[in-house]
Amino acid sequence: MKFFTTGLLATAALAAAQEQQVLQAEDGMGRAPLPDSSIFDETLQKFQSSLEDGISHFWSEMKTNFKDYLPLISLPKKHTRRPDSEWDHVVRGADIESVWVQGADGEKRREIDGKLHNYDLRVKAVDPGVKQYSGYLDDNDADKHLFYWFFESRNDPKNDPVVLWLNGGPGCSSLTGLFLELGPATIDKNLKVVSNPYSWNSNASVIFLDQPVNVGFSYSGSSVSDTVAAGKDVYALLTLFFKQFPEYATQDFHISGESYAGHYIPVFAAEILSHKNTNINLKSALIGNGLTDPLTQYPQYRPMACGEGGYPAVLDQGTCRSMDNSLERCLSLIETCYSSESAWVCVPAAMYCNSAILAPYQQTGMNPYDVRTKCEDMASLCYPQLNAITEWLNQKPVMQALGVEVESYESCNSGINRDFLFHGDWMKPYHRLVPSVLEKIPVLIYAGDADFICNWLGNKAWTEALEWPGHKKFAETKLEDLKIVDNKNKGKKIGQVKSSGNFTFMRIFGAGHMVPLNQPEASLEFLNRWLRGEWH
């Protein structure tokens, strides 16, 4: 779903460490201590001596305030694996890996690249009324099982493109994106399924993937705690899926997502593009309200919260000045993280910056995903409709129809969010992969302009600052009006757009963090035009 601030900001507030321990005890997450908590002390002592004073002091604070918190791990989800006989198809990665062909140079090579022998794909037809499949990608060596749900295009599935959708968090299920934003249906307060006329599968087939493991209906006996580790799983999923359904493999493929997918997508796209012989016809990448380059994006939080992003100020002048005063240290920590990419410096950067720069907004009670509204229900990430979606997905008949193997569904897993944070993933410079991606495919960065947490000012700033061969021309290109051209509202302004070479940025008017939720017509409009090749 979205950039998962709840657990992060609670963790970031060092002054409220004791309260945080109480909150974590009450959140229902199963946790178990490491065999020997003294390991943390010993490891910390070894590394502290080599760290600069500010960072060393931070880890001393962490040791005091989070002594019992840091060494905790999430327990695996309870699950029951269904026998292969209950699935309509089982695709073996080992079978794909064993196929060799003769190349144009006369040399033998594998038909499809990549380490696939440890993966299987299980497939189940869900509903004959709407062609859809669900199932699991299994990494048998690592005991990882990723849940996916595929919906065929409503229009022309034999020719329409295929889109992969990824929610962020990290730790939020893509099924919230399915039912809250852009899927073929939503769930009302009476748990009734309601059709969505603006679904992204209007002119494309769409795959929703719960990743990393232990998110949504996915599960594992282990965990994934950084973005890079998840990339190979996504490559395997797509390879095995298109092998089972070659009719979709010939179509254009696009990878899309929002929020922390600003981390995921550069890595996943680079992983796919690194393989020469593949059945994935990757044509573009789309990131909505993403976090991609923290060093460039964090300076834009104060302007967005203080009335310079097109909406009234949420914070008072004193708080805005305090954020300005904290920014220099925040950026210094991020720069150190960018230089080393070590958790020992990237974690302090995330903890300090989120406490000093993000927490003041969070403490107002306003919705961090939409500066225009109060947060109605923090437990449901400010969107009470999530409660109905979660309740519907937890119904036994629904889980049975989908082939689900876990006992329950939750929209976001705070343990995953914490794991990524404490492995230093949050502040890492994944934007550095974007230039190599731009060499091969177009990239669209779009942003609802009412979002605070991954705001349009920050996304515009990092796209204009990115160093790539087309940097100067893109940075100098002015924003132009983005208008509807595809329906009866032709001529209606829905935002602004700038594009040069393979790079495009869009500001979408009147949308928060989740553009398809707030502006469904505009969302489908720009998606359809992007998939047709406009702006690239």
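Using N, Cα and C of the backbone, Cβ positions are placed for all residues, glycine too.
Swiss-Prot has this to say about the protein:
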type	residues	note
ACT_SITE	Ser259	active site
ACT_SITE	Asp451	active site
ACT_SITE	His513	active site
DISULFID	Cys172-Cys412	disulfide bond
DISULFID	Cys306-Cys320	disulfide bond
DISULFID	Cys330-Cys353	disulfide bond
DISULFID	Cys337-Cys346	disulfide bond
DISULFID	Cys375-Cys382	disulfide bond
CARBOHYD	Asn203	N-linked glycosylation site
CARBOHYD	Asn502	N-linked glycosylation site
SIGNAL	1-17	signal peptide
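Figure note: comparing Cβ neighbours within 10 Å for the disulfide-bonded residues Cys320, Cys353, Cys375, the maximum is reached by Cys353. Each of the disulfide-bonded residues Cys337, Cys382 was ranked by the number of other C-beta atoms within 10 Å, and first place falls to Cys337. For Cys346 (disulfide bond), the count of additional Cβ atoms within 10 Å of its Cβ stands at 26 [all protein chains shown].
Using a 10 Å Cα-Cα cut-off from Ser259 (active site), none of the recorded positions among Asn203, Cys337, Cys412 qualify.
For the recorded positions Asn203, Ser259, Asn502, the largest tally of other C-beta atoms within 10 A is found at Ser259. Checked against Cys330 (disulfide bond), the recorded positions Cys172, Cys320, Cys346, Cys412, His513 differ in C-alpha distance, with Cys346 being the nearest. Mapped onto three states, the DSSP output places Cys346 (disulfide bond) in helix. For His513 (active site), other Cβ atoms within 10 Å of its Cβ number 29. Between the listed disulfide-bonded residues, namely Cys172, Cys306, the fewest other CB atoms within 10 angstroms of a CB are found at Cys306. In sequence order, Asn289, Tyr369, Asp370, Val371, Ala511, Gly512, His513 are the residues of the chain that are 6 or more apart from Asp451 (active site) and have a CB within less than 8 Å of its CB.
Here the candidates are the recorded positions Cys320, Cys346, Asn502. The one whose C-alpha lies nearest to that of Cys353 (disulfide bond) is Cys346.
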